[in-house]
Amino acid sequence: MAEYLASIFGTEKDKVNCSFYFKIGACRHGDRCSRLHNKPTFSQTIVLLNLYRNPQNTAQTADGSHCHVSDVEVQEHYDNFFEEVFTELQEKYGEIEEMNVCDNLGDHLVGNVYVKFRREEDAERAVAELNNRWFNGQAVHAELSPVTDFRESCCRQYEMGECTRGGFCNFMHLRPISQNLRRQLYGRGPRRRSPPRFHTGHRPQERNHRHSPDHRHGRF
């Protein structure tokens, strides 16, 4: 029996533990889920919840109407965001093996930034310190994530351009960075450093930004 339970842990056959939380570190049901979300006590991976804001989803004019943002502008905006966060975290906490950003629209995944460090100790320290920091005027919410193999977390149909669920798919739609930036960050290319937007400070106790409408829509 023990071997059987171990073999189905985190799968759809597991009636006790949530398979979505095990695979992607998030669940659309949140605390209302009927299955357990086993949050790790140690992991190489952290998640920064709802940190990235896609300007195509949020840009508005002064009268509230939607403002068009080109694909080129969005990619430049995203590359700048990715480089800033990656560089800041690696220089302060330790070597990063992989960083991924969700382009989903569901509240539990939108803008989530997953950072896999080489060492578990670095991830633990990052979570402890980042929860006392701010990014572009908003409190950062960081936690350890069970995700270590992003191949199991990603939507394969999205990668092939065939996902019919769009932004509300329950598997990760990972937004790619430009090839030049990938070589720069993961290779040996020179890095340019932009001014950090992470700031140390105290999180207001009464505010839960994960459920704030302003936090779900609009960039920090």
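Quick reminder: no glycine exception, Cβ is built from N, Cα and C everywhere.
Per TrEMBL, the features are as follows:
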DOMAIN    12-40  domain 'C3H1-type'
DOMAIN    65-147  domain 'RRM'
DOMAIN    149-176  domain 'C3H1-type'
REGION    187-220  region 'Disordered'
ZN_FING   12-40  zinc finger
ZN_FING   149-176  zinc finger
(message) I need to check the long-range neighbours of the domain 'C3H1-type' (149-176): which residues 6 or more away from its ends have a CB within less than 8 Å of a CB in the stretch?
(response) 20, 23-25, 28, 52, 54, 78, 98, 100-106, 109, 114, 116
(request) Over the zinc finger (12-40), work out the mean pLDDT and round it to an integer. (result) 80
(message) Within the domain 'RRM' (65-147), count helix residues (DSSP H, G, I), strand residues (E, B) and coil residues, in that order.
(response) 34 helix, 22 strand, 27 coil
